[in-house]
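Undergrad: Once you've had a glance at the structure underneath, I'll fire off some questions.
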């Protein structure tokens with residue numbers, strides 16, 4: 001969502017398309033790499049610490065940790081920023097500010113509410129930079145929370161209901177075909193080894209019986 005800033009010329013629109021095609025995949029790769037590193041220290045190590053140190057069940061610790069992490073994220077990136085926006089923006093109440101936070105961090109981005117567009121806004125450039133940092137950090141926090149909930153054992157079991165199940169008969173046919181191919185290849189290899197051994201054996205010339213008799217007479 002661009003808000004009130006949109007490309008108007010054909011060149012600007014074409015550049016926006018090319019930039020988006022290149023920028024969106026790199027942004028997703030960057031966010032994925034950052035989230036995978038953060039979740040080790042935010043989720044996996046704390047859950048493992050409480051499981052080993054205090055002997056609690058790992059599943060119970062993971063559920064409590066996910067709920068606490070979700071509550072902290074909602075407080076830091078939804079409730080508190082909504083209260084701040086309701087003070088800094090003249091025409092926004094708390095509900096409209098919370099609506100902006102939710103629409104922005106959920107990547108819906110309708111653009112109907114854009115902060116820092118007032119004419120009497122003080123330190124407008126610094127305010128815009130702060131909003132950009134807030135959106136980036138909030139998006140990373142949302143992805144960390146979602147990844148934390150996805151790693152719960154109960155959700156993994158629920159996701160298995162939507163997996164495509166393979167037909168056992170087809171699997172057995174593939175296994176039998178694989179076994180037949182392996183046995184045939186082994187037999188062919190053994191036959192070729194026997195042929196090579198026969199070819200490498202030295203030829204023994206047998207003596208004729210007449211030559212043996214003549215040697216005995218001598």
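Glycine too: its Cβ is placed from the backbone N, Cα and C atoms.
These figures come from a predicted structure and were not determined experimentally.
For 203-218, the entry in TrEMBL reads compositional bias 'Polar residues'. Marked as domain 'Potassium channel' by TrEMBL: 1-38, 74-150. The annotation region 'Disordered' is assigned in TrEMBL to 188-218. Taken from TrEMBL, the feature transmembrane segment covers 17-39, 60-85, 97-114, 126-146.
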Undergrad: Are the transmembrane segment (97-114) and the transmembrane segment (17-39) close enough that 3 or more Cβ pairs fall under 8 Å, when only pairs 6 or more apart in sequence count?
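TA: These two segments do not touch.
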Undergrad: The transmembrane segment (126-146): which same-chain residues, six or more beyond its ends, come within Cβ distance under 8 Å?
TA: 31, 34-35, 38-39, 42-43, 66, 69-70, 73, 76-77, 81, 88, 101, 104-107, 115-116
Undergrad: When secondary structure is assigned with DSSP, how many helix, strand and coil residues does the domain 'Potassium channel' (1-38) contain?
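TA: Result for the domain 'Potassium channel' (1-38), in helix, strand, coil order: 29 helix, 0 strand, 9 coil.
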